[in-house]
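Asker: For reference, TrEMBL lists these features for the protein:
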DOMAIN    65-415  domain 'Aminoacyl-transfer RNA synthetases class-II family profile'
BINDING   134, 135, 136, 161, 177, 181, 330, 334, 335  L-histidine binding site
């Protein structure tokens, strides 16, 4: 009986011949049925892993926290990028690029508690490397290395964070950042105000819905911590906890401060009074008169700059969207002055569509959190300079992935079709045996800079060519027939209206440009 079980197991799993299996069994007379079952299970698992052809099977998927983008998604993405780049260029920025990985020591100690999210790479040839966490630290390294003291630059590139992704909310492990930074010694708050103006312009142009830009100052936070009784060595860690107020209730934040960070309840309660305050220039003026805050020179310097910032923002006509919010902390260690963050308060077009489709779950689908953030980091470049020379910097980073999540939902809710190509015209034929004539015409169009397509068939049906244009959103068709060739004209068809008009070959290019390059 036992021998037959072993024979069947061997035969079923790996195709051994029966006599081999029986000899193997007789070599171990003390073997039990349970042991056989255990070994059979192992063999079955191995067989499932290897597959019938002996090759290792694997699941086709993207790594956690990453995604592919199809042509429709890329078309939306390109539109967003172009909007952002136009704004950056409008403000006089030039662009740079830096390596996707840096020396590990370049990134270490710059991100506070978020340093644990840095992707470290295996030792390659004696250099310890890490994938870049953001574009700001590499920019500071670039300035120090090249001894640059003055630049207004933008940089759009991928960064990497070993985070727990929430991809439906636009959070990934691999994602793009769109950064704009001004480096150089300038008068207070003028570059800072321009960064906020840029955020305002971009979010308005993208039409994502209502938004607000929260501003604060690290010096105000540090002064607040000092007058509330926070020990100096706990400033950064308490700041990281305050930074969670947009995700956690005050009760949970206070619990973390007291139970995990060792802060006294009295100090936490005093912090709670301040971080609930919001306003504008009037709040800054009020806090300058506050009997506690006025004791801190740091806080007073920060509050005076906030007043000046709001003065410039009034001239830029953006104060309707900007709020002075004492709960804003931004956890990165390198910030030294003004900090800001843009959040969507309502993604109106998407919200309406989702409410119709998803009911109560609509709010979650559009709750994407911060869509831009930044601040002043005057000491970061000095960390890399051998002589510690400081280059004052201020900048902003646009959260492209979160913005893209909203734009994608808007596109899905809209009846308007997203075009994935920019083809202006299709060169088609109405009869057979006109392939050479089609190729000659499309070559003329390409040489003139016209975006054109032709079907890769010798004798395509006219209906198939017209249907392709409708599906791809191509606005015009140049139709060739024997009569058109004799007359030296092309029949130009408008796909949307089906209007047709004969255009001479000499005038075709100018007519296509007139109709499509509005």
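Including glycine, each Cβ sits where the backbone N, Cα and C put it.
Curation plays no part in TrEMBL annotations; they are all automatic predictions.
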Asker: Taking the Cβ of residue 335 (L-histidine binding site) as the centre, count every other Cβ atom within 10 Å, in any protein chain shown.
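Answerer: Within a 10 Å radius of the Cβ of residue 335 (L-histidine binding site) lie 26 other Cβ atoms.
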Asker: Averaged over the domain 'Aminoacyl-transfer RNA synthetases class-II family profile' (65-415), what pLDDT does the prediction give?
Answerer: 88
Asker: 136, 177: which of these binding-site residues has the sparsest Cβ neighbourhood within 10 Å?
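Answerer: Lowest Cβ count within 10 Å among the binding-site residues (136, 177) is 177.
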Asker: May I ask which residues of the same chain, at least 6 positions away in sequence, place their Cβ under 8 angstroms from the Cβ of residue 330 (L-histidine binding site)?
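Answerer: Same-chain residues close to residue 330 (L-histidine binding site) (Cβ under 8 Å, separated by 6 or more) are 243, 339, 341, 373, 375.
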Asker: Tell me which residues of the chain lie with their Cβ under 8 angstroms from that of residue 134 (L-histidine binding site), as long as they are six or more apart in sequence?
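Answerer: Residues satisfying the criterion: 111, 159, 177, 179, 397.
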